[in-house]
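Q: The structure's right below; bear with me while I get my questions together.
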Amino acid sequence: EVFLPEETRGATPVDFLQQLPSYQSALRRRATAGTQDRRAASQDPAGLRAAEGRGLQQEGDEVAARPAREHPLTIAEKRRLRYCQQADIKYLSGWKQWKRTSSKSLKKVLSEVKELSSYLELWRHDIHSIEGKFGTGIQSYFSFLRFLVLLNFIIFILMFSLVTLPSIISKYGMFNSSFAKIPPKNVEPHCTVYEPSGNKGLVYFYTYLKDLLSGTGFLEVTVLFYGYYTIDAEWISIQKYNLPLAYLLATFGYLALSLVWIIKRSVGGFKQNLVHNKDPFQSYCNKVFAGWDFCITDPNAARLKHRSLQYELQTDLEEERLKRKIADRTTKEKLRIYSLRIFINIIVIAVLSGCFYSIYRATVFSQENSNVSIGHDVRRDSANLLVQYLPSMVITLANFIAPQIFSFLIRFEDYSPAFEIRLTLMRCVFVRLANIGVLLFSLWSQISYCATDKCNACGYNYELYPCWESEVGQEMYKLMIFDFIIILAVILFVDFPRMLLVTHCSCKPVQWCGLQEFGISDNVLEIIYGQTICWIGTFFSPLLPAIATIKYFIIFYIKKISLIHTRKPAARPIRASSSNFFFLVVLLIGLLLAFIPLGISIAHIPSSKACGPFRNFNTSWAVVPHTIDGFPTGLRQVLYGIASEAFAVPFFMVICLIMFYFIALAGAHKRVVEQLREQLVMVRFDPLFCSPKV
């Protein structure tokens, strides 16, 4: 054996982390604690054992109170630590002893409550069963579906408690309550005329079915839509309830709740995604040494996981090959590839433009031809129902055709496999969410179109849309119902017949087609599309979250049955951590998209003068300054000062400084991580970082 000289070992470079002030402070605290423990140990042998315990607990009282099982130690060390902790208790004051005992008891109670609450978790057994049979990738989809069920249920509770319940209580006179309808002032009389198309007289059964599908008729005058809440003031007992302000605050509340909840859930996924994607070598090691999913118990799922790992390794090798190919490209080849990509993107823009124009024309045609009174004729009513659902049909058709075209075109753009998947998904996200925006733009163009002075006096097309908020709510309602019908129809009339053919027919073409794959990304985009509709439509239809909750609750069981019996897991699954982060990012994009139409509806478009809680205000936002004007003078001046430019500019500058500070801090942390990575590499090659023995 050859030993390094003493001078060489002494010349080992000092770790740069030891130069940090926090490290030096920790050394001083440890030195002080060690001196005190040695003094106590010199006076009493029992104090020596306590000093050893305090030496192992250098993190303070909080760490000392941690059970021995939570420390990363061997069994013998844990026993010694527990003995030292028990000896150390004798030298604590009564207050510290009570504090440590109560802390342990509280942790035990919280642990038991957490364990008990896990049994009450929605679909806990079902999701664990899916995870065991099909892996964490598919399990992440069902966990995401459960999150949307809980989110919509809480939004429903918020809207029902702040908007719907007070309106019902006041209209029916419960708890000594009452309400008042104040006619709008300085408004032309023709703007206040609103006669809902409620069913009167003898009504056929199919009429109820048509109303249930379209949101018209008897549903138009229920608590489901905006027009029901035509209340200007409420008194519950002797307390006045400001329904217009509550309606607006509830809208801001469910949007803020959704935003905070999504960001909170996405932080963990972002960290994992950052770690997985930062270093290709680390990603390769993770696949080789930690890629297996030990939750899998089903043999078929195990074989699928084997193929998945094989595919991921092949994908990594293919990406490396493409990187070398890109590096070796000549100028002529680069010019050809870039020209081809520009041409394909022009085709993509043309497809999107065609989808948007079709939705616009279908919406205009539907709005102009579906409001005609046509009596009780089954054929005409059926035709009218089809006309009303025409925008929903065109949007669904665009959502189906456009992704197929994108998947075909992406093959010619010569991207890496991972980037192909991301780019195709982002295009699909854009076409799905933009279709909703085009629909709303088409509706607003019809609502805002005025060709007469009487129409200009109202600020909107009062003849076609006396209560335009309810009309928009009906469109969102139809989109959600039709989306649910399409999901059911695909499973019943496509997946089940295909499964029967594959099972009972031995023809080569049928067996070659096989079962339909359970595409995680496609299914997630499907429910995110519905959730975006719910966010936009809740302002115009306060009980739409309840419908979304029931819809996703049913979809969970439908998708579960479809996964087990009629579909097979995708041959190219995605990692659960990255998929969860991607789901939440797309959901966040849908939420941000919902802010735009809601902001325009609240702050820009004049509110209906014939219905709703905002009929006495020019816009829905006008209720906020009107409420502030009723506050005391001091509070009113403070609120107006916060909303003024004198406060906004310094506040913006402070926010920018804080942001720059965190950016600089993140950059410093990134440099530290890079230096640690360099040191890990040096451990393998530099003998100065190795053991003294060579």
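For all residues, glycine too, the Cβ spot is worked out from N, Cα and C.
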Q: Looking at the ranges 389-412, 533-556, which is given as transmembrane segment in TrEMBL?
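A: Of the candidate stretches, TrEMBL labels 389-412 as transmembrane segment.
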Q: Within the same chain, where does the transmembrane segment (476-494) have neighbours whose Cβ lies under 8 angstroms from its own Cβ atoms, ignoring anything closer than 6 residues to its ends? I mean 6 or more beyond.
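A: Result: 213-215, 224-225, 388-389, 391-393, 395-396, 436, 439, 516, 526, 529-530, 533-534, 536-537, 540-541, 544, 547-548, 551, 554-555, 558, 561-562, 566.
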Q: What else in the chain is close to the transmembrane segment (581-605), if you only count residues 6 or more beyond its ends and a Cβ gap under 8 Å?
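A: Contacts of the transmembrane segment (581-605) (Cβ under 8 Å, skipping residues fewer than 6 from its ends): 140-141, 144, 248, 251, 255, 258-259, 262-263, 265-266, 269-270, 272-273, 425, 429, 433, 436-437, 440, 444, 447-448, 460, 468-469, 472, 521, 524-525, 528-529, 531-532, 535-536, 539-540, 574, 619-621.
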Q: With DSSP helix as H/G/I and strand as E/B, how many residues of the domain 'TMC' (467-577) fall in helix, strand and coil?
A: 86 helix, 6 strand, 19 coil
Q: Going through 342-360, 424-444, 647-668 one by one, which has the most CB pairs that fall under 8 Å from the transmembrane segment (389-412)?
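A: Stretch with the highest Cβ contact count: 424-444.
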Q: Could you give the residue numbers and ranges of same-chain residues that sit at least 6 residues beyond the transmembrane segment (147-169) on either side and whose C-beta is under 8 angstroms from one of its C-beta atoms?
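A: Distal contacts: 122, 175, 177, 179, 223, 228-229, 231, 234, 236, 241, 243, 246-247, 249-250, 253-254, 257-258, 261, 265, 527, 531, 534, 538, 542-543, 545-546, 548-549, 552-553, 556.
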Q: State the residues, same chain only, that lie 6 or more residues beyond the ends of the transmembrane segment (342-360) and have a CB under 8 A from a CB inside it; answer 'none' if no residue qualifies.
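A: Same-chain contacts beyond the flanks: 391, 394-395, 398, 401-402, 405-406, 409, 412-413, 427, 430-431, 434-435, 438-439, 441-442.
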